[in-house]
Amino acid sequence: MALSYLRPWVSLLLADMALLGLLQGSLGNLLPQGLPGLWIEGTLRLGVLWGLLKVGELLGLVGTLLPLLCLATPLFFSLRALVGGTASTSVVRVASASWGWLLAGYGAVALSWAVWAVLSPAGVQEKEPGQENRTLMKRLLKLSRPDLPFLIAAFFFLVVAVWGETLIPRYSGRVIDILGGDFDPDAFASAIFFMCLFSVGSSFSAGCRGGSFLFTMSRINLRIREQLFSSLLRQDLGFFQETKTGELNSRLSSDTSLMSRWLPFNANILLRSLVKVVGLYFFMLQVSPRLTFLSLLDLPLTIAAEKVYNPRHQAVLKEIQDAVAKAGQVVREAVGGLQTVRSFGAEEQEVSHYKEALERCRQLWWRRDLEKDVYLVIRRVMALGMQVLILNCGVQQILAGEVTRGGLLSFLLYQEEVGQYVRNLVYMYGDMLSNVGAAEKVFSYLDRKPNLPQPGILAPPWLEGRVEFQDVSFSYPRRPEKPVLQGLTFTLHPGTVTALVGPNGSGKSTVAALLQNLYQPTGGQLLLDGEPLTEYDHHYLHRQVVLVGQEPVLFSGSVKDNIAYGLRDCEDAQVMAAAQAACADDFIGEMTNGINTEIGEKGGQLAVGQKQRLAIARALVRNPRVLILDEATSALDAQCEQALQNWRSQGDRTMLVIAHRLHTVQNADQVLVLKQGRLVEHDQLRDGQDVYAHLVQQRLEA
């Protein structure tokens, strides 16, 4: 472990010694004298060492600190020359200088490594996210391709706005020079006019630019959310058992928002800053090349500060994402099960859980804000030091007659702006990595292949409804070692009612889930009219095989929306016919708007029996050939049960009833008893076998 960690550094030292030996000989004689030769030497060292380490796959943190090692000496002598005001300052080459200069370079690298090791979060040094991030960025760009016209318009307005903003300080300097010298009314009026013109034009263009980027952001956000939601609904049930609801909600809300702002928001700031920096440096060079080169020294300082700050910032942002998702999960569980929470008097316990989750969020927010404040203080101190240095050199140039007072004012305004935009450019790198991190999670869901067979195409015009379980076994994906069903073999015949009974955990609901094609058997075959269930078209199958659960799930919307759920072009007459068959027409008729009455979230405005009737009507409106009732009549009165019995007698439908009551079993034509996933009994009703008699006796005693 230790040897593999030291290998890049040892390789760097040996390669650098060999290269410096070459530069000390005939190769070094080819280099020019002074600062140009020093910079060529540093650049040559950087390129060769970078290439060798890249070939050996040894870059990592060494590659991050390599520019400091190779360019620290040229930067030092360049700074001394710029501050002193002369480029003829004697310089030394690292290859031919004393060992002190080389040790100083490696000392700076060692100090930087120590700072990096202390301030960077664990694991950052070992990460190599470049290639992966580039792939994700390409996918984000591809996702934004439909909005290319709006992005082009936004970029046009961006260039116009930035150019206008860049010219304003130039004319401000002219005004100062006019007021400080011989006053020329025409020149003064011209300068003021152009200042106003560029101010108004840049403001208008900036508004158009921002509007175009925001419009693009909203379009991308909608597109990502639609694709993600569509992908989630196609996943297998095992995925939802393994993934928390709070995590899915977080991906659909916060992560998709981060993704949608990646291109519009970052492109807005990135391109604006880039164009602004280029334009500002152009005008700064016209004022004073010496001051311009001096201001360039702020770049490595800014990059170094961001290099330390960004990994910490990204790490804490990821922790905040997880903490917020957990806090949201507590709220959703408590509110979703409020009746249970209240019935057990657990309000204070849930509040305590939420306070703990919020406290974790607060600690992370405080840590994020503290680190950001410390970083901003360091940046402002560095900016102030650079400004003082430029002022000192600027005064020397004014005294030498090289720069006017107005020119120095323009330069200081430019320099303040360019520092801000350079920081924006460097900051955008970290922000883009943050958003790409969110995109990685979303893309993992978009790319996930559901553990489901390929959809079938069978959709016969008529279905008999004969169901055959042939030696069917099943285990849930999360517990493959624990079989739920073992070797089930039975047939459900059209025109018969089969009761499936057994103790809790025997596998009754799993049989219903397999019959709906929600899971696939791990062994054996499940046939419908002699064809494997997976061969049928998805929508066709779920029109022909329908389940009504003991606790029906309803959705916010009207009565009609819930009965006709999943159906297209379902007429009101069909809805009312199904409601009448389910004995739901009486309470629907008493509602204010009939079948168009809103029933609230999860059908909260209905009683339990009314919910079951709507769920039965939702199944009957499809006119299924196979109907599964998971004790779905437990909350119905005798009249409604009789109406359902009448519907059963119409047509040769196949019916499977998961029974928990003696009354339901007595009305069945066939009884199947499950125990520990095995079919214990498969005889006709009222044969009086021991297992079934024992079950009936237990029910009567209960």
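The backbone N, Cα and C atoms fix where each Cβ goes, and this holds for glycine too.
Noted in Swiss-Prot for the protein shown:
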- Gly502, Pro503, Asn504, Gly505, Ser506, Gly507, Lys508, Ser509: ATP binding site (BINDING)
- 467-701: domain 'ABC transporter' (DOMAIN)
- Asp16: site 'Inter-subunit salt bridge with TAPBP' (SITE)
- 1-6: topological domain 'Lumenal' (TOPO_DOM)
- 28-56: topological domain 'Cytoplasmic' (TOPO_DOM)
- 78-98: topological domain 'Lumenal' (TOPO_DOM)
- 120-147: topological domain 'Cytoplasmic' (TOPO_DOM)
- 169-186: topological domain 'Lumenal' (TOPO_DOM)
- 208-265: topological domain 'Cytoplasmic' (TOPO_DOM)
- 287-292: topological domain 'Lumenal' (TOPO_DOM)
- 314-373: topological domain 'Cytoplasmic' (TOPO_DOM)
- 395-407: topological domain 'Lumenal' (TOPO_DOM)
- 429-702: topological domain 'Cytoplasmic' (TOPO_DOM)
- 7-27: transmembrane segment (TRANSMEM)
- 57-77: transmembrane segment (TRANSMEM)
- 99-119: transmembrane segment (TRANSMEM)
- 148-168: transmembrane segment (TRANSMEM)
- 187-207: transmembrane segment (TRANSMEM)
- 266-286: transmembrane segment (TRANSMEM)
- 293-313: transmembrane segment (TRANSMEM)
- 374-394: transmembrane segment (TRANSMEM)
- 408-428: transmembrane segment (TRANSMEM)
Note: vs the transmembrane segment (408-428), the recorded stretch with the largest number of Cβ pairs under 8 Å from 7-27, 148-168, 266-286, 293-313 is 266-286
For the recorded ATP site formed by Gly502, Pro503, Asn504, Gly505, Ser506, Gly507, Lys508, Ser509, name the remaining residues of the chain with Cβ within 8 Å of the site's Cβ center, in chain order.
-> Leu674
Same-chain residues near the transmembrane segment (374-394), Cβ under 8 Å, at least 6 residues beyond its ends | 82-83, 85, 288, 290-291, 294-295, 297-298, 301-302, 305, 309, 403, 408, 411-412, 415-416, 419, 423
One residue among the binding-site residues Gly502, Gly505 has the fewest other C-beta atoms within 10 A of its C-beta, namely Gly505
The topological domain 'Lumenal' (395-407): DSSP-derived helix, strand, coil residue counts = 8 helix, 0 strand, 5 coil
On the topological domain 'Cytoplasmic' (314-373), the mean of the pLDDT values is 84
Just how many other Cβ atoms lie inside 10 Å of the Cβ on Gly507 (ATP binding site)?
-> 23
How big is the gap, in Å, between the Cα of Gly505 (ATP binding site) and that of Asp16 (site 'Inter-subunit salt bridge with TAPBP'), rounded to a whole number?
-> 70
State the residues, same chain only, that lie 6 or more residues beyond the ends of the transmembrane segment (266-286) and have a CB under 8 A from a CB inside it; answer 'none' if no residue qualifies.
-> 151, 154-155, 158-159, 161-163, 165-166, 169-170, 209-210, 213, 292, 295, 410-411, 414-415, 417-418, 421-422, 424-425, 428, 431-432, 435
Looking only at C-alpha atoms, tell me how far Ser506 (ATP binding site) is from Asp16 (site 'Inter-subunit salt bridge with TAPBP'), rounded to the nearest Å.
-> 72
Taking the Cα atoms as reference points, how far is Asp16 (site 'Inter-subunit salt bridge with TAPBP') from Asn504 (ATP binding site) in Å?
-> 73
Could you give me the DSSP helix, strand and coil counts for the topological domain 'Cytoplasmic' (208-265)?
-> 52 helix, 0 strand, 6 coil
Long-range Cβ neighbours of the topological domain 'Lumenal' (395-407) (under 8 Å; 6 or more residues past either end) | 85, 173-177, 180, 287-288, 290-291
Any same-chain residues 6+ apart from Pro503 (ATP binding site) with CB under 8 Å of its CB? Would you list them in sequence order, or say none?
-> Lys675
